[in-house]
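What Swiss-Prot records for this protein:
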type	residues	note
DOMAIN	9-207	domain 'Glutamine amidotransferase type-1'
ACT_SITE	CYS86	active site, nucleophile
ACT_SITE	HIS181	active site
ACT_SITE	GLU183	active site
DOMAIN	208-400	domain 'GMPS ATP-PPase'
BINDING	SER235, GLY236, GLY237, VAL238, ASP239, SER240, SER241	ATP binding site
Amino acid sequence: MALDIHAHRILILDFGSQYTQLIARRVREIGVYCELHPFDMDDEAIREFAPKGVILAGGPESVHEANSPRCPQAVFDLGVPVFGICYGMQTMAEQLGGKVAGSELREFGYARVDVVGKSRLLDGIEDHIDADGLFGLDVWMSHGDKVTKLPEDFHILASTPSCPIAGMADDARGYYGVQFHPEVTHTKQGGRILSRFILDICGCEALWTPSKIAEDAIAQVRAQVGTDNVLLGLSGGVDSSVVAALLHKAIGDQLTCVFVDNGLLRLHEGEQVMAMFAENMGVKVIRANAEEQFLNNLEGESDPEKKRKIIGRTFIDVFDAESCKLDNIKYLAQGTIYPDVIESAGAKSGKAHVIKSHHNVGGLPEEMNLKLVEPLRELFKDEVRRLGLELGLPYDMVYRHPFPGPGLGVRILGEVKKEYADLLRRADHIFIEELRKADWYHKVSQAFVVFQPVKSVGVVGDGRRYAWVVALRAVETIDFMTARWAHLPYELLETVSGRIINEIEGISRVTYDVSSKPPATIEWE
C-alpha cells in the first residue's frame, strides 16, 4: 500500500496575520503536511480534516472588541494539541476562561523573553542564560493586547517586563500560547519551537519530503489522467517547467506542451526551453513562433494595463489555435501553486470559503472543454523548486529569478517595438551575466533591466551618440510584498554599465533604480 504523505497533518487557522503563510511554509520545512484555512472554518470540515494538531495564527484584531474573530469550538473538542501564536494565544486564552486587555506599552520588533516555567514546548530551548540561571529567548514581537489572566489549568511559560504572560502552557491537554512569532527568522529558536510542537507534542512523522512528494504527485496524476492526453502551456518559468518534468515522468508521450514564443522573452530563452525539454528530456513540445502577431497587436499601445491584456488575449489566441490542431486532448495542465489557491479562497480576509481553480494560464476559452490537472496546487514556491531538483531539472533553471507573464512587454515603458525588445534583451543578458560572475545573482531576489523610451546624448570616441536610456533594477525580498533595492557594489555597477554602453550601439546611458517597495513596485509597469 502506498504511503499517505498527508496522513500526519497540521491545521492552521488564519486570523489575518501577514505571517500566516510563513507559518505554513515553516511547518512544511519540518516535513509535515499542513493546510491553511480561514478562522471560521466549518466545524464539520475541521473534524473531517482530522489534524494531529492545530495552530492558531496571529491577526490584527483585538480580542476584547465586539465581533472580533474567534476560534471554532470544534478545535478544542478534537482532543489534539493546539498552539496559539500572538492573536491566536489571546483568543485561546479568552475562549478558555482567561482575560485579555489592551496594553499601554505595545511591543513591535526584537524582544527578549524570559522562560519562567517548565513545559514540553520550551524545555531545553534557549538563546542565553543570565547570572540568575534564567533562560532567555530572542524573539520577534508584534502585538498591542496581552493576556492578563490565565485560563484554568494553564501556567505562565514566558514573560517580558511589559507582558508578564508572554507564553502560557497546559501540558496535560497540549495547549500552548506564545505572544511572539516563532515563524519569523528574527525569532532565533523559532524553528526548534515549531518542531517541538509538531514532531514531539503532536507526534507527527516527517513524511512531507521532496522525494515522497514527487512519488505521490506522479501516482496522483496517473490515477487522475489514466490513458488520456494532456496539454500544457510551457512558458519556461519555474512552475510550468516543473509541471512539464513531473507530467513527462508520470505519463510520458500522453503529454504535449505548447511553447508560445511571443518575441518578448529573454535572450536565447526559446532555444533553451526547446533544448531542455524537447531535446534533452524527450518531451513533445510544439513551438509557436508568434512574435509578429504579438508585436502587431501591441503596435501603438502604451498603457501598461492595456498592454498586459493584449498580450494575454494574444497568448490565448495562439494557444487555442495550436491546441485545435491536436486530437484527443482531455486535460489541461496548469502550474497553479498553493498561494494561488489561498488567494482564490480569500483566506487572508476569511470572507471566502470555496477554493476555486486559479486559471493562471489566463482565461482560456470555455469551449476547449478540458478538465484541469494541477499537480502543484498543494505546494509553496520553495517546495516547487525543491521538487524540480528532485525531478532532475538544473539548479540554474529552478532558481531563476521571477519573470513576468507578459515578459519584456512590461519592461519596455510605453509602446513595444521589436527594436526596443532586441536592445533590452541584450542589456538584460549582460546584467544577469555580470551578476553571476560576481556571485551576486543568488544574493538578490530579482534583477532585470528596464527600457526607457527616452534618448540621451553620449560620447563614443570623438563623436556624439544620441541613443536610448535603460535602468538596472535589483531588489532583495523575502515575500515580494515588500522589497528593498539591492546595494550592489559600485565596481559591479560600473562593469555592467560599461559593457552595456560599449557593446550595444543603441544605448547611451545606464541608470540604477534605488526605489524600495513600498512606495515603488518591483516592476516598473
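Backbone N, Cα and C define each Cβ position, glycine as well.
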Task: Cα distance (Å, whole number) from SER235 (ATP binding site) to CYS86 (active site, nucleophile) - done: 41
TODO: List, in sequence order, the residues of the same chain other than SER235, GLY236, GLY237, VAL238, ASP239, SER240, SER241 whose Cβ lies within 8 Å of the centroid of the Cβ atoms of the recorded ATP site.
DONE: LEU234, VAL242, VAL243, ALA244, GLY335
TODO: Could you find out if DSSP has ASP239 (ATP binding site) as helix, strand or coil?
DONE: helix
Open item on the list: What are the sequence-distant neighbours of SER240 (ATP binding site), meaning same chain, six or more residues apart, C-beta distance under 8 angstroms?
Closed with: LEU232, GLY233, LEU234, GLY335
Task: Distance, GLU183 (active site) to VAL238 (ATP binding site) (CA atoms, angstrom) - done: 26
- [ ] Which residue among the recorded positions CYS86, VAL238 has the fewest other Cβ atoms within 10 Å of its Cβ, if you could check?
- [x] VAL238
Task: Neighbour count (Cβ, 10 Å) for ASP239 (ATP binding site) - done: 20
TODO: Identify, in sequence order, the residues in the chain of HIS181 (active site) that are 6 or more apart from it along the sequence and have a CB within less than 8 Å of its CB; answer 'none' if there are none.
DONE: TYR19, GLY58, ILE85, CYS86, VAL139, TRP140, MET141, SER142, THR187, GLY190
TODO: Compute the C-alpha separation of SER241 (ATP binding site) from GLU183 (active site), stating it in Å without decimals.
DONE: 30
